[in-house]
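This report refers to the structure that appears directly beneath it.
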């Protein structure tokens, strides 16, 4: 991979990882347009590894929250008097909510890395999940806050999150934000929960690929472009996180839903005209 392509893909990953528009879908399309085989071991590893940059951006952005939650969780483990702290419950919630995607991700790893990357699946998921998000975004009484998160809330959000790798066009953030809205959380809280739920799963996925696919990266992509793409994705993702939280504080997700439908239609047109292959 050349350096320019690495920068392009890093920018796309950084912008789309946390927006409810499917980062995997965008990366697959652009990788195809750039002439790469998205189902190759090297590209699969590259796509997973550059996510680490975006996730590290989230860790940096939410560092004070992470420290607070982790501290409350540890205190609660040591002393039951601290277990009434909402952050103690949230800590357990993040752990419980990360289990479904870990289990399904490992069980369906081959399917996720091959069949699910079909552009037909991505296009369909983009459009269909837009309807799900539309329904969630119009739910009344979106007034629950972070201090009201329960283990059941986290588990439901985690189950929604587990759908994203199976049907990439859904978007991990789109799935988790939808779940949060369905559970009655306000848009900012639903979005913040999406970040918190995504950090463990995405870091684990990226590190797993870095360890298991090191040879594929070395021979197919190159570690230089991979590291560059990861750094770029992190820088861009940090700015995207700040923008998204400000945006959802005063706006619905309508603009994202319109974009998703348009992108789904564009993908279908590209496939039907032969501009890109379906897989």
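Yeah, the Cβs are placed from backbone N, Cα and C, and that goes for glycine too.
Please treat TrEMBL annotations as automatic predictions, because they have not gone through curation.
The feature transmembrane segment is assigned by TrEMBL to 43-67 (among others).
Sequence annotations record features per position, and here TrEMBL assigns transmembrane segment to 88-107 (among others).
The feature transmembrane segment is assigned by TrEMBL to 119-137 (among others).
Within its own chain, the transmembrane segment (149-170) is flanked in space by residues 22, 24-25, 28, 86, 89-90, 92-94, 96-101, 103-105, 108, 111-112, 116-117, 121-127, 129, 176, 178-180, 182-183, 185, 193-194, 197-198, 201, 264, which lie at least six positions past its ends and keep a Cβ under 8 Å from the stretch. Sequence annotations record features per position, and here TrEMBL assigns transmembrane segment to 149-170 (among others).
Per TrEMBL, transmembrane segment is recorded for 190-211 (among others).
The feature transmembrane segment is assigned by TrEMBL to 223-245 (among others). Listed by sequence, the residues of this chain that lie at least six past the ends of the transmembrane segment (223-245) yet keep a Cβ under 8 A from its Cβ atoms are 1-3, 5-7, 9-11, 13-15, 17-19, 46, 49-54, 56-58, 60-61, 188, 191-192, 195, 217.
Under 8 Å from some Cβ of the transmembrane segment (257-277) lie the Cβ atoms of residues 20-22, 25, 29, 32-33, 119-120, 122-124, 126-127, 129-130, 133-134, 137, 169, 171, 174, all in the same chain and six or more residues away from its ends. According to TrEMBL, the feature transmembrane segment maps to 257-277 (among others).
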